[in-house]
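Q: Here's the feature list from TrEMBL:
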COMPBIAS  575-586  compositional bias 'Low complexity'
DOMAIN    76-263  domain 'ABC transmembrane type-1'
DOMAIN    302-550  domain 'ABC transporter'
REGION    564-586  region 'Disordered'
TRANSMEM  14-35  transmembrane segment
TRANSMEM  76-95  transmembrane segment
TRANSMEM  107-130  transmembrane segment
TRANSMEM  136-154  transmembrane segment
TRANSMEM  242-262  transmembrane segment
Amino acid sequence: MRDLLRRLLRQRKAAVGGSILLGFIVLALIGPWLVMDPTELVGRPHQPPSSAHWFGTTGQGQDVLAQTVVGARETLAIGFAVGALVTLLGALIGVTSGYLGRRVDDVLTLTTNVFLVIPGLPLAIVLGAYLPSGPFRMVVVLSLAGWAWNARVFRAEAMALRNRDFVSAAFVAGESRSRIVVRELLPNMASLLGSSFIGNTLYAVGAQVGLEFLGLGDVGAVTWGTNLYWAGNDAALLTRSWWVFVPTGVCIALVGFSLTLLSSAIDEVTNPALKAPLVATTAVRSARSSSADAAPPSGALLSFRDVCIEYATERGPARVVDSVSFDIAPGEVFGLAGESGSGKSTLGYALLRLLPPAASITQGRILLNGTDVTALDETALRAYRWSQVSMVFQSAMSALNPVLTLGDQFHDTLAAHGRTTRAAAHARARELLAMVGLAPQLVGAWPHQLSGGMRQRVGIALALALEPKLVVMDEPTTALDVVVQKELLQRVLELKQRLGFAVLFITHDLPLLLALSDRVGVLQGGKLVELDTAERLRTDARHPYTRLLLSSFPHLSAADAQVPADVTRASSERAPPQAAAQGGGR
Ligand code: ADP
Ligand code: MG
């Protein structure tokens with residue numbers, strides 16, 4: 001929370017919104033002592049602004065300035081009180097409901113829904129008949145009418161957090177459920193609490209002014225809403241006495257504006273992705289034409305030619321891929337190694353033309369069978385992606401759509417690339433599932449019913465659905481344990497031999513790469529520092545960075561490395577990797 005405040009202080013929207021709001025809070029606190037009694041009759045009605053009454057007089061002959069200033073106090077007090085109450089009530093009920101689930105959730109959700117469909121206005125009128133008139137009544141009415149929306153939002157947030165490891169850890173450690181709600185869940189919603197509070201205050205000010213304007217508040221009190229009510233009643237509009245309602249109207253608008261600014265500032269500070277994205281401006285490249293060197297080097301399926309990729313950042317362009325060139329032959333497993341941040345994924349995304357707007361390929365070309373991938377238009381891209389080059393993503397969980405069965409995800413993928421019926425797509429899905437070693441019946445399963453390894457197999461099956469020539473695998477096994485990882489890779493290599501696709505395998509795990517790739521490139525800070533056959537790298541890595549990478553995986557035994565390697569090279573005449581592989585790196 002403190003961190004949130006500190007970041008907010010540095011934000012322009014927050015600064016403007018905060019200053020305006022602070023100004024009104026100060027006015028509400030000390031203003032009433034500086035002006036005359038707002039109910040006192042001080043002059044003739046509907047007098048325009050004068051030196052005696054700067055904002056003129058009302059239809060009753062009261063001072064408009066005094067009414068505007070004094071009105072701020074109760075209006076803002078009720079606004080903040082309702083904002084806080086509604087937020088707390090909504091958060092407690094929503095989080096309890098979302099976290100506990102089952103029967104509690106049923107009851108609370110039903111209650112929430114009932115409150116959601118009760119319209120606020122009749123509720124206010126009915127409650128008004130029973131509760132004593134005054135600010136208290138307004139707070140009760142607005143809180144009752146407003147908490148349910150918040151409960152819905154917080155319930156959703158709690159359900160998302162419920163399965164996170166730190167919540168499970170607290171539960172296993174023996175924390176009580178109520179304590180988990182208060183100590184684990186709510187503090188993790190600091191930004192949501194903050195923006196909800198601001199949003200609810202905005203709602204409270206608006207609803208309160210509306211109700212009071214209709215005469216449903218305490219018409220004897222001095223608030224911005226009753227000011228407008230009396231302005232209406234005293235026919236200020238008919239007599240064109242604009243000074244009676246304009247000051248109050250401007251105040252309401254300014255408070256609303258400041259709260260909106262604050263709310264948007266909180267969103268931006270807590271979610272950097274909402275900031276206006278940086279868009280690369282250097283996207284136009286020069287070296288696109290000359291068809292002479294567009295031809296692939298003999299036998300290459302894919303060629304990266306002198307590729308540079310830059311990200312637009314606040315501090316200017318940052319080059320994260322620097323003049324990278326390499327080829328991949330049909331059916332080859334090409335490994336791309338390098339520490340985290342070395343630009344591996346950026347290269348993979350560039351190949352699929354999935355780079356974020358901030359990134360641009362500033363130089364070089366990516367040729368697939370001689371076609372420059374970087375020059376494809378949208379139509380060509382749709383035909384190219386997935387049917388020519390597909391991808392297995394690192395996080396199988398987020399790569400699968402949680403609300404679609406596996407069969408339907410295959411259907412979506414297949415249907416995007418040609419006509420297919422659901423039945424035909426499901427039949428193909430069964431085939432593909434069996435291919436990656438999963439039971440075909442899983443076609444009707446949901447992603448959450450699968451283990452991590454199973455999900456990643458589904459990811460591979462999806463990637464192979466259109467029989468692409470090349471599959472990019474970006475850390476496909478990093479989230480899996482060693483045994484599952486080995487099984488999966490073995491399966492990929494088997495499939496590769498059967499179907500003949502090439503693989504661009506990306507991982508930071510160099511020993512693993514050496515065990516399963518034909519050739520390996522090593523990226524360091526966006527530069528390809530070494531490129532050689534796996535064979536040679538294993539025994540004879542020249543670049544110090546490659547040696548460093550090799551030695552940073554001391555846990556990998558020769559046997560571990562060997563299993564997938566046996567599959568790759570079952571038909572090759574090259575010697576299987578020996579323990580020497582380890583010796584070369586240390
Ligand atoms: P790797 O996959 O090797 O871990 P990435 O290709 O994801 O590395 O990232 C390479 C570099 O690009 C990193 O230094 C990262 O900080 C930078 N980068 C990635 N995405 C962005 C972005 N949206 N804006 C600016 N820089 C980025
Ligand atoms: Mg990566």
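Each Cβ is built from the backbone N, Cα and C atoms, and glycine gets one as well.
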Q: Six or more residues out from either end of the transmembrane segment (14-35), which same-chain residues have a Cβ under 8 Å from its Cβ atoms?
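A: Apart from its flanks, the transmembrane segment (14-35) reaches 8, 63, 65-66, 69-70, 72-73, 75-77, 251, 254-255, 257-262, 265-266, 269.
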Q: Check the domain 'ABC transporter' (302-550) for me and report the mean pLDDT.
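A: Averaging the confidence scores along the domain 'ABC transporter' (302-550) gives 89.
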Q: Near the transmembrane segment (136-154), which residues from the same chain, at least 6 beyond its ends, have a CB less than 8 A from one of its CBs?
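A: That would be 78, 81-82, 85-87, 89-91, 93-95, 97-98, 108, 112-113, 115-116, 118, 120, 123-124, 127-128, 189, 192, 196, 200, 203-204, 207-208, 211-212, 217-218.
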